[in-house]
Amino acid sequence: MEKFLYLLLFLHPFILPASGCVGVGSGCLRNGLIFGGRLMVSGNTGMSFGNLPNVNGDRVFIFQTPPGMRNFLRPSAGRGQIWIGRSNCAGTVPGHCPSTETPPCLDASPPCEPNCNNPEVCPFVLNVDEKSVLTFTWERPTCVPENEALTYSYLFWMDGNTETGTTTETRKIFQSFYSDSKYFFEVNVTTSRGSFSNYTSKASPAYADNTPLTFLDVTASGVTVTWPVWNAGSDKGLGPIAEYIIQYRLKGASEFARISKGLAYQHRFEGLISGATYEFQVIIVKSSPSEEGDPSAIQEVQISCPAPTGASLSLSTDYRPSDKSVGIYASWSVGPSSFCAAGLDQTLTVQLLNRDSCDASPNQMTFDQIIMGGDVRDYTLRYTPPVIPNSLYRVTITIGNTLGTAFDTQTIQTAESVPTLPPVLLDTPVTLQPPQITFNWNEPPCGGRNGEITDYEYVYRVWGEGSTQPVEMTGVAPDSVVTLNYTADSRYTFSVRAQTANGAGGTDTFAVIDPPRYKDDTPLTFYDVTSSSISVSWPAWDESVGFGQGPVVDYILQYRLQTSGSDFMEVNKGSDLSHQVTNVVAGGLYEFRIKLVKSGPQVEGPPSSVQQSIACEGIGDLIPQLGSSRLHPGNTSLDVNWVIPTSACQVINQILIIRQLDEDRCYYDGENEKMTSLAAHHRNHLFTGMKPNTEYNVTLQMQTGSKWFSVSEKIRTAETEPTGTPLNMMEKRRVGKITFWWDPPNCGERNGVVYYHYYMIRNGELEEGDTGRKRVKTIMGLNEGDSYSFKVQAYTKAGTGSYNTELKDTFSLG
């Protein structure tokens, strides 16, 4: 045996060619590799073989030793034997062993004919290119000599049309290809080394509905999967069908297990994991030639779960200071778990047994159910439904599926919070025995205590007579009564709220209230006023800007005809913010006021100031008439007159507003506005102390019983004499003459359109005259050494102003 192995390793590189393929039986020796079985060597003269090994039915083949091998094999006839195992040849050819030898020829069956048709040894490669045309290309079988001429036969089928033929090329092109076309192409060739065949297809069978599987009879351990028979007319691809393969896997696994079903169209799976989800696909296999279609889309089914058992519930409670809420935390467990957990139906039932440790009446109990997913194992109850502090709850977890149910029930007393309701005043909450006052109350109602009441916080405010700021006192009362000092003729309030161990909460209870009232004591607005009705509105009282304390629960509107002398009539409006008074006297002047009413206990505030409205229509057009007169230098008056085309009784209020637009015809950027309120009967007004030669805008605003009217006019006030003198006098001398020039008086001191008059004395002689609006004057005929003095005054049409500072000098050009 050792000699056989040595010879095998030694002879290997010489027996096999460097390239090409030598056929031996149905095996093939190529490129230095051995295909088809084991290689062993035997010979005759000079070789000692011993006993050949047991070959287990393998066959023996004869081959002629190449001449170059003789010195190594030393056979007398120059030949040896090669044995290749598992060649699977058949047939009888007599005399395959030499007559001059006796066995070691171990098998009397014939050798195989040379054949390289083995895709592992001699591949026959086929490719396809799908573009606007369909191109198939292939390679010559690699074990066929290059000089051997080959003719290929092909079969092509596409969209129901078939074509056959032959070609010597290794390519075939077909026109009119569409991306959705079905096709089949097969190419065959017969060579000296055997026959070769290959095919490609875009017509593998598949269902038109890519989810063809149906799941039946799902249990805790199995499921029946069915699929339809493939139909050549309505489904995809080509037949005939050889078999169906059903494949499955646990969801999340990487590999499918396959089961060949032949032409059966259902399979029963058993031994599956309870509650697990499995994925399934079916594959259709066609015959002639055999080809597997693509798997159908993955479809999944969950295996049923057994009934749940062993539910166990645990409860705890907590108080959250940030929002003063109380919660119940529930957690539970149940078996079995794993895959079956998510498929469970779970219901958490919450039942209130006792509210705030003081209420156990059946009609006060609440009953809530929370339904959740099967994989949840805890839940916090806080807001939905809201958990009541200091209360006894029964909580039940119920877990079930189609096969059964498990549950567990526990009770819990929730944590304390802070009170949410105020203490309750007694029927007689205040006992006044000057100089003391006593307040009495009861603890908050059941459901608003939220724990054991430990004590009470109170605030006592006292307003002395005429004071706007109260004196405030705070304290803690261990019981529901407190006695404090009292001062006569004072307004006061008392508020109290309860406390638990977690702090005070809830709104205060007010024993005595500072009544609410508007900050603006004329809050009423009149609109849609006619001769038969008056509509009035008022704002909602706002504690942040109003006086007193709320909440306001009612608005009481009071009104009367001014001349009637009767008491005010009252209308309770509740939360409404407007009212229409009808059946009024046409042209009558009505007085209105409003009172605010607060709750807890109910107290009326004082009425607002009286506001008036006349039952009249509109007044028509306003016609203002403006005039101005001089008073004295630098001061004028402005006379405003107006008329009303209709009755004066319609007017309630009048306002005149005057705003300065310029100053003495100079630019003005200041703010100078005067506003004057006038009695309803006035039809003129005189403004004094106005600036002369200045433009003003005059606005008249008039209020009637229905609305405000407004009209504006502009006027420039009258001129007065200047109150300022010309400024910055200068001179320039030339031969025989001198020129003077100056600036006008300051703006606001001109008081009108300014003209100029000059006054000059030359060598004792007077010369004077006007320059008009020019601010320059040239004096001629001056000689060297002449003395002169020169001054200028400004004047308007209303009068003359003062001279400026006189210039005196002796004329000289030096």
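Including glycine, each Cβ sits where the backbone N, Cα and C put it.
What TrEMBL annotates here:
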SIGNAL    1-20  signal peptide
DOMAIN    209-307  domain 'Fibronectin type-III'
DOMAIN    422-518  domain 'Fibronectin type-III'
DOMAIN    520-618  domain 'Fibronectin type-III'
DOMAIN    718-814  domain 'Fibronectin type-III'
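DSSP places the residues of the domain 'Fibronectin type-III' (718-814) in helix, strand and coil in these numbers: 0 helix, 55 strand, 42 coil. Mean pLDDT for the domain 'Fibronectin type-III' (422-518) in the predicted structure: 76. Sorting the domain 'Fibronectin type-III' (520-618) by DSSP state (H, G, I as helix; E, B as strand; all else coil) yields 3 helix, 44 strand, 52 coil. Helix first, then strand, then coil: DSSP counts for the domain 'Fibronectin type-III' (209-307) stand at 0 helix, 42 strand, 57 coil.
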